[in-house]
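Below is one structure, written out as structure tokens; the observations come after it.
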Amino acid sequence: MLPTEENKSLKHENDVLKLVTSIDLNATDISDTNGKLSGRSKSPKQTDDETLSLLMIENGDMTKNKWKSDFVNNRSSEKNEQSRKVNAVHRLSVLSVGFISALHPTSYLDTLFNMLKGNLGCGILAMGDAFKNGGLLLSPVLTFVIGSICVYNQHLLVGCSKSVKEKLKLQHNPEFAETLELSFQTGPKRFQSYSIFFRNSVNTFVVITQMGFCCVYILFVSKSIQQMMSWYHIELDVHMSILISLIPILISSLIRNLKFIARLSAIANFCMLIGLIVILYYCSFDLPSITSRAYVAHWTTIPLFFGTSIFAFEGISLVLPLEQEMKNPKQFSTSFGVLNVGMVITTSLLILTGFMGYLKFGDAVRGSLTLNLPEEFFFSKVVISSMMFGIICTYTLQFYVPVEIIWPRVENKLGPFKSPLLWEIGLRVVLVLITFLAADIIPHLNLFISLIGAVASTFLGLIFPPLCHMAVIGSDDSNVGYGRFQWRLVMNIITLLLGGLGFATGTYASVYEICHEFQIPLMSSEAVTTAATSIVNSTLQAVH
């Protein structure tokens, strides 16, 4: 007798449940670790549902039944199944690891503090140099504008994540890359073919940004070593100081214990806070007249200001993990929620530090305000030493993110390994050496910050969120989500234009200044045009 449709369906569901259960048994340690990080225990039913949902997403189909069918009928080897499970767990909250030290859902104040930790790093110490490139009066206005656009885009990202979760009835909260991917998959047909491309793009730019942060931290430590040695009449070459800084940073990068990294994060933030307070205290004495500083800088240096300032707003990747870890997530996006209050404090501190730094030191301001501290200042050695230690600890934190993104892909392509720990340590060493090589090639702190900000931070903070929002709203033919007079669409277009302009001009200006530092002549526009014309003509002649 032929089986009935009901029996077929029951057998189908049992097969799926058995498969998911076997994968969960193989990944017990991973699930336990993720449960401890989130601070919430899961029942077996919740774990099965969440795992099934995550595995269904990997296939990229639009309906739940289709996801189930494709996953069961297209089962791969045990290695690939285990790798997909590992990737799914990592994608849940990879960027929140280390930034959130609490083992339980966070309160309003906890989340606010974590947000400030994620936004205030080396970038704030470079704001004096940024104000030099923008002008004493123009820079605060531009910083406020960039901060306002960043917080607008962060609200868009949170809204899109919630919309995608509700639309697809997901059992988990999608993070940055997954939100963009599913927004495009469920958007208009012209968007759907780009979903995987944009997911990979987000992960790529996150890796570039985090590795860029690490390069900046290396330069900060090496420049600080150089500065302190000069006070003892020991002149170090910049390359030698970078080599010296390799030892402590390489050791710290091998730390894999998340709990220990979280403790290092707390120490690092305390050191950074104390150092920033002392620097602002020093900058408040013997200030020159405001008229002695340029109110508006030359237009050719403003792109450098853009790159540095957008680098300073470095917390876009933390927005979704922070919101998802709250006891009451509704407190995150309200008018006086964590996002708005945190960004107001961040923007105010950036403006204050940049204004005071440029007003105090003028054109002599360095890529980090610590480099302007004189030897005779009583707290100079203490501040620089403590901030060096804090930056080394922060390197460990920032370095964890690219490792967690890259390692599952390496394991999936080259594994299984007989000694996974040795391979992961090898990957960490290679990535650390890459950051040191990049820092050694471009040993200019201010230019490196501007370059990373213009290239990577621009895409994460200004370009991806409005594209995600347009994909989500575009799936609704009425376009009601754009608001009255479609003002959100206008804002999205303005943000995209600003991001594109900032990326192009900021990258060009940074590369130009880097080439100028190395005395590498850049071709003029006329020379480029002439060379291009001659190449085209020679090609046409060869064809004929």
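Note that Cβ sites are derived from N, Cα and C of the backbone, with glycine treated the same way.
Curation plays no part in TrEMBL annotations; they are all automatic predictions.
Note that the coordinates shown come from a computational prediction; the quantities given were computed from them, not determined experimentally.
TrEMBL has this to say about the protein:
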- 104-510: domain 'Amino acid transporter transmembrane' (DOMAIN)
- 31-50: region 'Disordered' (REGION)
- 197-220: transmembrane segment (TRANSMEM)
- 232-251: transmembrane segment (TRANSMEM)
- 260-282: transmembrane segment (TRANSMEM)
- 302-322: transmembrane segment (TRANSMEM)
- 334-358: transmembrane segment (TRANSMEM)
- 378-401: transmembrane segment (TRANSMEM)
- 421-442: transmembrane segment (TRANSMEM)
- 448-468: transmembrane segment (TRANSMEM)
- 489-511: transmembrane segment (TRANSMEM)
Region pair the transmembrane segment (448-468) / the transmembrane segment (378-401), three or more CB pairs under 8 Å: no
When counting Cβ pairs under 8 Å to the transmembrane segment (378-401), the leader among 197-220, 232-251, 302-322, 489-511: 197-220
For the transmembrane segment (334-358), distant same-chain residues with Cβ under 8 A (at least six beyond the ends): 108, 111-112, 115-116, 119-120, 123-125, 127-132, 136, 139-140, 143-144, 147, 150-151, 154-155, 158, 276, 279-280, 283-284, 293, 309, 312-313, 315, 319, 322-323, 326, 365, 369, 372
Segment proximity, the transmembrane segment (421-442) to the transmembrane segment (232-251), 3 or more C-beta pairs under 8 Å: yes
Winner by Cβ pairs under 8 Å against the transmembrane segment (489-511), considering only 197-220, 260-282, 302-322, 421-442: 302-322
For the transmembrane segment (197-220), distant same-chain residues with Cβ under 8 A (at least six beyond the ends): 95, 121-122, 125, 176-178, 180-181, 184, 242, 245, 249, 314, 317, 367-368, 370, 387-388, 391-392, 394-395, 398-399, 401-402, 405-406, 431-432, 434-436, 438-439, 443-445, 448-449, 451-452, 455-457, 459-460, 464, 467
